[in-house]
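J.: The annotation compositional bias 'Basic residues' is assigned in TrEMBL to 62-75. The annotation domain 'Zinc finger Sec23/Sec24-type' is assigned in TrEMBL to 205-243. Under the heading domain 'Sec23/Sec24 trunk', TrEMBL lists 302-503. Per TrEMBL, the feature domain 'Gelsolin-like' maps to 608-667. Under the heading region 'Disordered', TrEMBL lists 41-75.
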């Protein structure tokens, strides 16, 4: 077909109702990607028809891909028109320059992570994923629905590769790293079935007599159903009398359909037997605390958990605002409260659990919260060398029945020992709010010297190791007693996370670090159900040198993330807000469902000065406002008509009665529901606000953060592969991390 407009005819390719520009006149996604989709559609349409293939569905899916690539390319303006302002690289931290001559490569022709993410969404968000072997699971960034057919839902368990070597020799030759990420409490889609609860009686679930593996759908029944062969070690185990059932001609139990543990890859077993109770720790020659109670020698019966909240009350904690923010948040958790817009929320503290309060600076302060007292009483322990718990009754109470009501040093180690002594024999959880480096009492640390002197030397590894053995020892004792520890750190200077973080490493608990380099955090919000969640501000960066505390924090943060959160943290989601379609991110009038916009490439080359962009790395989200943004967009989104009137210190997006405001708030609400917490919201105006550096450093495809750009990196890898193929040399060049190209 031909277009007569503009005084020149244009040949257009057509896939269904969607017309795509040819190579010479394409202003959008690029001819190569468009014609690739068109070619696939023609190949499917003209190719041989399989009786089992869904021919119409394939054509329909390819049409959707063509439309998406055309529409998104048009919106992103990858090939800029002359009348549109093009932005340069925003202010950013220094990156690694490309060494040698750079090949002329069109950025639109390189592999795109966004392409893969969006294609996977199109493939799986409209159909159900069946967990039987044979299908590669959807990506973690896709909102898919899984049906458990005997293999676990990928949301609970995801491996680094879905093709496993079947021999030790093949595994050694491939050198493919094999890892499994297990997230047993992952959130499910409301349309997915819940995890079934299985009660196998007093004896508990059947387990292999040799490897202690649990009964599962892939075990084989033998001897007429009186034995079962373990699929892990091939050992045959006798079936107990109360679990026995006859098998049919297919060697399946007659009650197979009624047994979730024989059909589902994920089940919850009721473990009422004493064999599953927590065993007492082995006796030790020395202990970190003193107690008048004899150590328990019997297994601990399950009971509701006790929580001990330990607050740093030093001058630093009070001055920074962390103490007030932590106390306000705890009150919200216990008794409910209101969010910033006045919406009330219910308490989140688990019913039946006990709570204890401990404060510390140079001394320890225990509180008797007994309901029989008119007000809480305070007991001070000044001797940090011989720590004991001065009370038992009133230490842990029901918050609904009890009355809850300036130094520069704080003994965190003493507080942990006091928490250990309080919860020994019962188990529980210690939640610590700390502002300063522990410089007194057990595990006291000396101030760090200039850490920049050891960068690039053999001593650099000492920044990531505890400087005192105490922190590992107390972590091991807490683990043996069944006590978890969560640390919320809000400091204005270094606290040596490499040392106190050893508690996290040994306990595998959740380490929360909060940086408050300038302003105290006074914003309150409802916490996530069943947990005490933290808020984070931006990292502390000096030039190209990142402090050891920040590096230690991120190492532990990523290890505690789920797969989806990890991917979205490493490759932040970038979204254009200034030209959303009228129907996107709004409920459909017929179905009521909401379609959300697609992402864009994480680089400044896809941005323009008239735009407004949102970037989100799961820790904080930043609104970037271009210098040439229209007054209409400013008014509809922020309620102002001039860029200078926009307040960059806002902590939330105003709610306005405009279509664009409703669209953006729907996008934010959807992301909040996905992660269960509210990240910090920041604003940056082009060439005006310092926060633009943080925004630019999140553009991971650009040259920043001491690394080269994505395009340069691919060129370097291609050069190394070509050298290895032609000259027969190694690609890696040695095991040194600092010698890596990135």
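Glycine too: its Cβ is placed from the backbone N, Cα and C atoms.
Predicted automatically and left uncurated, TrEMBL annotations should be read as such.
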J.: From the DSSP assignment alone, can you count helix, strand and coil residues within the domain 'Zinc finger Sec23/Sec24-type' (205-243)?
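T.: The breakdown for the domain 'Zinc finger Sec23/Sec24-type' (205-243) reads 6 helix, 11 strand, 22 coil.
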J.: Average the per-residue pLDDT over the domain 'Gelsolin-like' (608-667) and send me the rounded value.
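T.: Averaged over the domain 'Gelsolin-like' (608-667), the predicted model reaches a pLDDT of 93.
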J.: Tell me the residue counts in helix, strand and coil for the domain 'Gelsolin-like' (608-667), as DSSP assigns them.
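T.: Breakdown, helix to coil: 20 helix, 12 strand, 28 coil.
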